[in-house]
Amino acid sequence: MMSLSVRPQRRLLSARVNRSQSFAGVLGSHERGPSLSFRSFPVFSPPGPPRKPPALSRVSRMFSVAHPAAKVPQPERLDLVYTALKRGLTAYLEVHQQEQEKLQGQIRESKRNSRLGFLYDLDKQVKSIERFLRRLEFHASKIDELYEAYCVQRRLRDGAYNMVRAYTTGSPGSREARDSLAEATRGHREYTESMCLLESELEAQLGEFHLRMKGLAGFARLCVGDQYEICMKYGRQRWKLRGRIEGSGKQVWDSEETIFLPLLTEFLSIKVTELKGLANHVVVGSVSCETKDLFAALPQVVAVDINDLGTIKLSLEVTWSPFDKDDQPSAASSVNKASTVTKRFSTYSQSPPDTPSLREQAFYNMLRRQEELENGTAWSLSSESSDDSSSPQLSGTARHSPAPRPLVQQPEPLPIQVAFRRPETPSSGPLDEEGAVAPVLANGHAPYSRTLSHISEASVDAALAEASVEAVGPESLAWGPSPPTHPAPTHGEHPSPVPPALDPGHSATSSTLGTTGSVPTSTDPAPSAHLDSVHKSTDSGPSELPGPTHTTTGSTYSAITTTHSAPSPLTHTTTGSTHKPIISTLTTTGPTLNIIGPVQTTTSPTHTMPSPTHTTASPTHTSTSPTHTPTSPTHKTSMSPPTTTSPTPSGMGLVQTATSPTHPTTSPTHPTTSPILINVSPSTSLELATLSSPSKHSDPTLPGTDSLPCSPPVSNSYTQADPMAPRTPHPSPAHSSRKPLTSPAPDPSESTVQSLSPTPSPPTPAPQHSDLCLAMAVQTPVPTAAGGSGDRSLEEALGALMAALDDYRGQFPELQGLEQEVTRLESLLMQRQGLTRSRASSLSITVEHALESFSFLNEDEDEDNDVPGDRPPSSPEAGAEDSIDSPSARPLSTGCPALDAALVRHLYHCSRLLLKLGTFGPLRCQEAWALERLLREARVLEAVCEFSRRWEIPASSAQEVVQFSASRPGFLTFWDQCTERLSCFLCPVERVLLTFCNQYGARLSLRQPGLAEAVCVKFLEDALGQKLPRRPQPGPGEQLTVFQFWSFVETLDSPTMEAYVTETAEEVLLVRNLNSDDQAVVLKALRLAPEGRLRRDGLRALSSLLVHGNNKVMAAVSTQLRSLSLGPTFRERALLCFLDQLEDEDVQTRVAGCLALGCIKAPEGIEPLVYLCQTDTEAVREAARQSLQQCGEEGQSAHRRLEESLDALPRIFGPGSMASTAF
């Protein structure tokens, strides 16, 4: 805990520095207004705008407010400031490097998405941080250069001083000696001036301190109506402000923030005056504070004691900027801008869109001109804006006219984000990502595109030429959630997609999907004539929406998707409106291959009728792809359906279930028409998104589970590993009714393994009715990963801990590691469960969440388009959609119930430890102990995350789970004996006690009966961090996790299990003897008590003798403590133990702690003892006063000041109040 130290002539009581909790990575520095108060402090509402220093130039500011250059250098002071400055710059670099690594990780994780605009924004942030890092490194090198020059001048000055002293002390000699003396004196003066000049130059590189007033805290000293004046002096810089205490507990100040330029040789002087009348002012206190500790990367909340008793505290939020305001680089605020997740959240908020950039306007104009050149019709104005911060649909007026900036909606603070960001004006620019080479998405089209993946600014011709030669790579296949069609039209507007490539005739009907495992590349000619007419349709109606075609057999690996790919054999070469058909033969060795050829005949733009033809191949696994033969250049395209050799339609029922359950497939070649086939409603938008997203296929966590609504694309030939593996065209019992629609795309390697693994379910005939297939999907059981149905204990514990960490964010830098590990654990759990939707803690807005946000656009249209005959009364579609949309479809789990239970215990233990943080006053042992335990828990979570690859593999021994940093024989063997025939992650304490007694009971019982049980109970209590009940309790007993066992053993000094048992047995025997009722046994134990054996329990037993023992025992204990305290190791251990006793709930324990501190004469205990004299009960106050008298001159002086203050002021707290007020 860093504290704001004061000048040597003044001592501060409990001067505490906390990290500001207002820094959360969401709100920028200008957005952290008075609404975010300091812990439970009331809100400050200044009546007017804060008085900020005017924006002066650097020279005028330095001459007007800065400290003048010193005439005498102070190298010692400069060394201290330089060390603190380097520490602050290093922290700045580390914070920004961590942010850079997180952004790069987000880029890697998001590359399966089609949000290329979002990736581009991440890339801009990364480059901005890189520029700022280079600026920081240059700034640090400049400071190092100045310091090295200063050190050189210092050595020269010291040498000149030695020369002058040598000539001066000696007898005056010749003229040459006098000349040499004058030369040395002149050199000394020059070096002194050079050092002063370098000091001023270094002082100019210190940056700025931004001070924000948080308020006064004063217990009973602050009354309603009181007025205070605070005057701060820092060199020649001043800040004076006045405030008033309102009746509602609010404090109103006439000024809120200011900027101080750091100085090398000055201290910050703070004077607080209470204004009681026109000429009656009472000075509350005046202090001078050290400022070198304020060079920190993160904002800090400084709590300064104004008076000696600490009854008046001033709270300031101090933020250090390494650069001056006039010297700020453009990228200096890269980490301080709104976080990436916040920007994504505001993207999908219901706010007006941003004005499109010049690149977008040029793109829209180019598309419009291209359409007019082709058929003279205007391009649809209902295309969606591709701006990353725009709303989902834009009218033509909104797209081409300026719109007001949306208010950034700030979510809750995030655990994964590095804080201290500042806003940055978003701008559009060229995408410089990997996917920029292949703008077309995985299924070859993007009618629901969110980003402009590739826009050429050169000319329309260059853009068309570029689009004609682009090919699709594996990365583009892995990206891009792209719903099959648009939502229903709104108020007369008609759906019209924004194609990601520059061809307006890009295909919008083929929405068959593909996996990313062993991805067989499949391409599609975009500029087909009938698709152009679909894009240019202007009449609204359900019949205008092209219907997607899907094949849904269990392991059917077939689809013909469309992309712009020149070298692919399944490509239509387009010249103008002429289509050259190319026939390609698709051969597979798998059991089933479905070739789907969408047959669409468009007679006019107002009568677009989707009629997909579904074909099932025979077991010969050989079929010929359809030949696309354009009949005329008038945008009428007919497609010859492939020959069907198997009369059974495979999997069409499920497709109809997801889109329109009222139109079953009657024959393999029968075209199915659906007037509401594409009906995006608030409950079906996610479903449609998953049906057409290439990154939505079967969950990798369940082997043999295939994607129901989508199939991977088929290249020229596709070979399956096991051609004889049975396949089922409907969901097997292992399937979840909602899982195939919501599972994200796993890693390519995972999908490769999955695609080659056979399905364990037996082959069954395909259902021929969509309602039947949907009913089967709904009735399938939902497996629970935690072993129980709907067990959400792990998810609840994780959410509770992240919510608790949000309350302490920024106050304790030690918690950053824990927060990172908790966020990492959550991401691993969600990744394992196949969850890509956002949680409230991480706000990772994915495509599913985005489509859910857009579903409100089509609520009215869905109601208008729903015909009573289109949906049967008993249709279970609503239930299926609810199960699909439900964010709690599957609880988070590691796949191992025992590991889940162990994690739950650790997460709740962390939440309990967090409650011990943030206490007010000098009693901080419990807080320090809790922070130490939290650091250990962070290492435990890190070990669990590192173990994530083997979560589902049953561990047979503790050696497979944890590893000690040093060799500790016997410990893991003992744990394996405890968990024999049990899971190695958890063990009941009764089982540990029984195993310990069986192994060590015979040997320890020889020394004293029951010693083995006492040793094991002490071990368990130390490992668990809590006392065990002495009597059996109802309900499940306490359990010890392998990670608690491992973490505790790592802290021990004993090298082996045998040595630990022996040492602990000696300590337990000593404590028993000290607590004996026989005075002779107690005195004998005191005489023979070795220094090394007196640990926490032994020291507590000694201190209790100072309260409960007779005079002879008390004298012996005092003598023993004084003699043992001469050793530094024992003194430190005893000091920590006795200070910890001051925070115990038992009054007698606190009294014993006070008396023990007096025995060892610890000046470190003066401040806590003074605090107890003011706040605790009469018995504790009396013991504290007695101990203060024994703490030397300093303790006696503190006691005198305490008595004077208590005589002058009424009692602040009554007996037994034990104030634990927290800021």
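Counting starts with 1 at the first residue shown.
Cβ coordinates come from backbone N, Cα and C, glycine included.
According to Swiss-Prot, of the residues SER349, SER357, SER507, SER751, SER349 is the one noted as phosphoserine. Swiss-Prot marks one residue of SER22, SER141, SER315, SER476 as phosphoserine, namely SER22. Per Swiss-Prot, the residue annotated phosphothreonine among THR355, THR648 is THR355.
Of the listed residues (SER351, SER391, SER640), Swiss-Prot tags SER351 with phosphoserine; the rest carry no such note in the record, though that does not show they lack it. Over the coiled coil (89-114) the predicted model carries a mean pLDDT of 83.
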